[in-house]
Amino acid sequence: MKIAVIGQSLFGQEVYKELRKDGHTIVGVFTIPDKDGKADPLATVAEKDGVPVFKFPRWRVKGQAIPEVVDRYKATGAELNVLPFCSQFIPMEVIDHPKHGSIIYHPSLLPRHRGASAINWTLIHGDKKGGFTVFWADDGLDTGPILLQRECDVEPNDTVNTIYKRFLFPEGVKGMVEAVRLITEGKAPRITQPQEGATYECIQKKDNSKIDWNQSAEAIHNWIRGNDKVPGAWAELDGQKVTFFGSTLVDNGTAANGQPLDIPGASQPGIVTKTGLVLFGNDGKTLLVKNLQFEDGKMIPAAQYFCSGGSTAVELTEEEKSFAEQMRAVWKSILTNVSQIEDSTDFFKSGAASMDVVRLVEEVKLRASACQLQNEDVYMNTTFQDFIQMCVRKLRGEDGEEELVVDYVEKNINNMTVKIPHQLFINGEFVDAEGGKTYKTINPTDGMAICEVSLAQISDVDKAVAAAKEAFESGEWGRMNPRDRGRLIYKLADLMEEHQDELATIEAMDSGAVYTLALKTHVGMSIQTFRYFAGWCDKIQGSTIPINQARPNRNLTFTKKEPIGVCAIVIPWNYPLMMLAWKTAACLAAGNTVVLKPAQVTPLTALKFAELAARAGLPKGVVNILPGSGALVGQRLSDHPDVRKLGFTGSTEIGKHIMKSCAVSNVKKVSLELGGKSPLIIFDDCDMDKAVRLGMSSVFFNKGENCIAAGRLFVEETIHDQFLKKVVEEVKKMKIGDPLDRSTDHGPQNHKAHLDKLLEFCQMGIKEGATLVYGGKQVQRPGFFFEPTVFTDVQDHMYIAKEESFGPIMILSKFKTGEVDDVLRRANATEYGLASGVFTRDISKALYVSERLNAGTVFINTYNKTDVAAPFGGFKQSGFGKDLGQEALNEYLKTKAVTIEY
C-alpha cells in the first residue's frame, strides 16, 4: 500500500521503519521543520532512505487549508495516511483525500481521555487500566470510529515515562502496523465510539499543573506522577516555584526521620529525609518525592534540599581529561547548532530534548561502561562542566550519592588495619538493632571477644523484608538491564578482590580459618562465584515450545524465566563468606533481592560484604544482612509472608524445621544443603601417595569443618595398615597454631560448643570399641584447638560410623578385596548423600562405583574439587536444590509459560 506518514518523534520513526519492513511503500513523510538546526528523527531516517520529506511549518492559516501545501501532499498519490504522533493541525482536505482515509494513534482507551494530554490524565485520575487506540480520523477531536485498542495495567508508581516506555511506545508501534495490515486485508473495523464514559481534559501546561495540597496522599501522588516529566507538578517552597519529580506512595507504618520543610497550603510540613522529601495528604497518609527542580532549571535530589552550595570541583587526571574531550565531541554531535562546547554550555538551553538525553546516556556507556548514568543525572547536571564532574565522580566512586555511614570497629592485626562493620545492614544503611540489642562475637584463636555485634529482633526482620520487597517491586534491580546488573555484580567482585586481604583476615579472626586458606578458598572462591554469576545475568532465557494446534487457529507457546522476589538466605559458620557467595550471587544475578542471616557466631565478613555491596552501587534494599539467632531471625524469615524463597545450609534437623515452616506460612520455594556422612572408598590399586595426601585433605581440610568432608574412609584391607601408617606420620607433622601464622596447617575449631561436641564424639567412639590411633584431645593452649584425630577398626553399627562429626576426625574401616558391591552397600547405608569419592587406577571400576554411589557429587582420584561452574547439592537427607553452576540460577527463578493464539 502507498502510505503517507504524517507526524514526528522517535515513535513516528519506528512506525515508519516497521511499515517499510512490512512491505508498504512510503510515498512521503510530512513532519515538523528542523529545530535549532536539528531534524526530527522521523525526517532523519526517511531522508537516509531517499523518501520524499516535507517539513511544512503549518498546513492551514486562519482555519483554511493552504492550497500549495495540500497540492504537494496530493501529488504523492497516498492511499492511506498514517498519523503516529502529530502535533500539527491537519486539514480535512488531507485527512479525507486518500482511498482508505487516515488513521491516528491516541494514547488512551477512547472515548476516555480525549485530548492531547491523555497519558497525563490516565495517571492523574488513578486509572487502573491504560492503553492506546488506533482510530479513523474525522472532523471531531479524537471522536472517530475505533479500529483497534490495546490495554495494559497501570502500576501504582507509573509515570508518563514508565508507562510510555513499557507499553504505549513498543506496543503502540506494533498496533499501528497491525492496523495498516487489517486495512490492507480489508478486515479493519469501524466501531463508533460510545458516548458513555467519554471524557475530555485540557492540555497540561505549567500554569495549570500547580499542586493542590487539600486532597489525599494518593491524589497528590497521582497529580505529581501524571505531570512527570512534562509539564511538571509544582508548588511554592521558600518563595520560589519548585517542580516535583519521582513520586512514590509510602508505607505509612514507616516513620519518617529528617528535617521539616514548610509547604504553604499543605496539611503539615514535609520532611526532608535521607531518601527524599516525604509529603502528607489531608488524610495523614504519605508519599515520597525523589527529585526537585528549581526555576533556573537546576534539578537536585530532594534529600539534598537543605544542603548548602555545591561540592568542590575535582581535578581531572590525564585519563579523565581524555574522557572529557570525548564527551565534548559527543555534546557537539548532539548540539549541532552550537559552534563550540564551552564548560558553561547548557545542554537544554542549547536545544537538547528528552531523546537527546537518552542518546547522551548511551554514549557515556559506550566510552566508560563503569559510569552507569540515569536520565536524571543529565537533568541534574545541565552544564558541560557539571556533567563532566558528575561523570568523573561516578567513575571514582565518589558520585555524590548519600554517603555510607559505617561505625567501624578497627583492629590492627596481620600487618594491617581492618575496619569491621558491626551493625545490622537494612535498606542500604548500617543501623542498630531494635532496642540496641547486641552480643559478643568471639575469636576462636584466643577465646576473647572481637567486638559487640547488633542482635536482630523480629521487628528488624520485618524492616529488612519490607526494604527488600520495595527494592524488588520498584523494578530498580529485577527490571534493570541484565547487563547493567551484571556490571554491578562484577564491580562488587572487584571490590571484594581489592579488600581480599582484609576479608581473609576478618574470616581468620571470626571463624578460625587458616589465613592462607581463607585467602584462597573462603575469599578467593567467593570472588570467583560473583564473577561467574555476573556473566549469567544477560543469559537467562526461556524456550519456545511446540504445542498441539487448536484448529483453525495456530498457537505459539514460550517460557520466560523470572525472578522470584524477596529471598531469605540462612548460612552456616564453617565458610561464612563463601556460603554467602554461593547462594547470594545466583540470587542477585536472577534479579531477586536478599535478606541474609549469617551464622550468629560468624557475622563479620557478611557485614563487610554489605559495606562493599553498597559501595559497588547495588540499590538500597537489594542486600540486607541480619546477624541474630536462628530461633528468632531464621524462624521469622521462614514464617514471613513476603519472603518467597528460602535457601538454607546447615543441619538436617534445622532444615526439616525450616521446610515445615516454609510450607505452613506461604508455601515458599526452598533449597536445602544439609548434613553429610560422605564415604571415600580407597582401592589397593590407587596411587598411594596421592590417596594419602587427598584422603587427609578430605577429612582435615578447613579443620574438618567442611560439609563434604569424608565422614568415613573405606580402605581395602590389603593396604589398610600401610595407608594408616602414612596418614599418622603426616598428621604428626601438621602445625597447630595461630591461623594468621603463614606456616600454620590447622587452626582452632569455630566455637566452644563445637569443640565440646567433638570431644563427646571421640568419647562415643572409644566407648563403642573403635581404636583411637591419634589425637582425640583438646590442645592445651588458649582458644578452641582440637587435635587432628584418627580412628580405625570402626564398625558399621557404631555412632561415629553413622553420625557426622563436622571436625578433623578420620574414621577408617576396612573392606575385603573383591567385595566391591558390599563396600558400596556399606557406603550407601546412610540417610545422607552429599558427596563421595573413590581412588583407583582402574577407570572401569571407578565409573562403576561412581554410578552406584548415591550422592550429589562423586570425586574420582581427587577430593574437595568444587568449582563455580559445577552444580553442588545433595540427595536424601542431605537436602535438595543446587548451589553453583547454571542449575543454581533455577533455584532463584520461576518459569512462566505464555501461549498465544493467532
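Sequential numbering from 1, following the chain as shown.
Glycine is no exception: its Cβ is also placed from the backbone N, Cα and C atoms.
TrEMBL annotations: computationally assigned, not manually curated.
Here is what TrEMBL says about this protein:
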BINDING   Gln88, Phe89, Ile90, Asp142  (6R)-10-formyltetrahydrofolate binding site
ACT_SITE  His106  active site, proton donor
DOMAIN    318-395  domain 'Carrier'
BINDING   571-573, 597-600, 630-635, 650-651, Lys757, 804-806  NADP(+) binding site
ACT_SITE  Cys707  active site, proton donor
Greatest inter-residue Cα distance in Å for the (6R)-10-formyltetrahydrofolate-binding set Gln88, Phe89, Ile90, Asp142: 14
Neighbouring binding-site residues, C-alpha within 10 angstroms of Cys707 (active site, proton donor) - of Gln88, Ile571, Leu632: none
Secondary structure content, the domain 'Carrier' (318-395) (per DSSP, counts of residues): 49 helix, 2 strand, 27 coil
Cα distance (Å, whole number) from His106 (active site, proton donor) to Asp142 ((6R)-10-formyltetrahydrofolate binding site): 8
Rounded distance in angstrom between the Cα atoms of Ile571 (NADP(+) binding site) and His106 (active site, proton donor): 53
Spatial separation of Ile90 ((6R)-10-formyltetrahydrofolate binding site) from Phe806 (NADP(+) binding site) - C-alpha basis, Å: 81
Listed in sequence order, residues not in Gln88, Phe89, Ile90, Asp142 with Cβ within 8 Å of the centre of the (6R)-10-formyltetrahydrofolate site Cβ atoms: Leu83, Cys86, Ser87
Inter-residue Cα distance where the pair is Gln88 ((6R)-10-formyltetrahydrofolate binding site) and Gln600 (NADP(+) binding site), in Å: 67
Residue pair Leu632 (NADP(+) binding site), Gln88 ((6R)-10-formyltetrahydrofolate binding site) - Cα distance, angstrom, rounded: 65
From recorded positions His106, Lys597, Gln635, Lys757, the one whose Cα lies nearest Phe89 ((6R)-10-formyltetrahydrofolate binding site): His106
Nearest-integer angstrom distance between the alpha carbons (Cα) of Ile90 ((6R)-10-formyltetrahydrofolate binding site) and His106 (active site, proton donor): 15
Alpha-carbon spacing, His106 (active site, proton donor) to Lys757 (NADP(+) binding site), which is rounded to whole Å: 73
Gln88 ((6R)-10-formyltetrahydrofolate binding site) and Gln635 (NADP(+) binding site), Cα-Cα, nearest whole angstrom: 63
The domain 'Carrier' (318-395) [mean pLDDT, rounded to integer]: 87
